[in-house]
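Feature annotations, courtesy of TrEMBL:
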DOMAIN    11-89  domain 'Inositol-tetrakisphosphate 1-kinase N-terminal'
DOMAIN    117-248  domain 'Inositol 1,3,4-trisphosphate 5/6-kinase ATP-grasp'
BINDING   Asp211, Asp226  Mg(2+) 1 binding site
BINDING   Asp226, Asn228  Mg(2+) 2 binding site
Amino acid sequence: MSNLSSKPYQIGYALTPKKEQTFIVPSLLSHASQNGVVLTKIDPTKPLIQQGPFDCILHKLYDSDWKQNLQDFASRNPNIPIIASPESIDILRNRISMLETVSKLKINNTGVPKQITITEEFVNHGGVVFKVYVAGKYFRCVKRKSLPDISEEKLVNLKGSLPFSQVSNLAAAGGGEGCKFEKTEMPPESLVKELVEGLKEELRLNLFNFDVIRDGKNKENYLVIDINYFPGYAKMPDFESVITDFLRDVVHKDINCGDN
């Protein structure tokens, strides 16, 4: 299976109906097939060892029966990559453990202070959030509109804490400060790359994204506010080739999938 003329790679996937609808789209199936990758739906209610054969398992299910199913499969097929281990995924399902992971990173980069994590409080950030998508060796940083800034006077009165619902109401009422979205500079690529590599190592994950905001009081300070396993890649330009290349790399063992 060293080239496209050989037997296609069989990738078994087990996803929620919603995830399957947004990820397993015709454009991905077509591109993957043209590049020697076949995506096959797994029945999570049946033993994995009775399905396949598979060169790789891709999943986003969380129930205990499925975890046991994966464990049984992995014990009999230790060389088949699983994306990803339930233990690594569970870290991101708890906000405290998620942000503790980020706080372990010791990142210094040409004057950019190490990252700070926040659990709750509102921080002015120019109304822009930077979303970084990671798929193995590939990463891409895009910017999206976020909650608007709040005047310093309001922040003082609120002691820096504000429920998101109230921020939305302020935005609708015109209470937020303006956001010059198009002129907002992206974070330094070197910083983003260092964050990507650090998080991949700490999380033992290769398929995730994270949200970063720039502190309104210190433009050199960036805050990681959220991390998600297996996010909505279909929103990302050219996602079909990125995912296909990623899956091929996993099967080729060019990417370490943690426990596998």
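Just so it is clear, glycine is given a Cβ too, placed from its N, Cα and C backbone atoms.
What TrEMBL says about a protein is an automatic prediction, not a curated fact.
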> Rounded to an integer, what is the Cα-Cα distance in Å between Asp211 (Mg(2+) 1 binding site) and Asn228 (Mg(2+) 2 binding site)?
Replying inline: 9
>> Let me check the 10 A CB neighbour count of Asp226 (Mg(2+) 1 binding site). How many other CB atoms are there?
In response: 17
> Between 0 and 100, where does the mean pLDDT of the domain 'Inositol-tetrakisphosphate 1-kinase N-terminal' (11-89) sit?
Replying inline: 97
>> For a three-state summary based on DSSP, what are the helix, strand and coil counts in the domain 'Inositol-tetrakisphosphate 1-kinase N-terminal' (11-89)?
In response: 36 helix, 15 strand, 28 coil
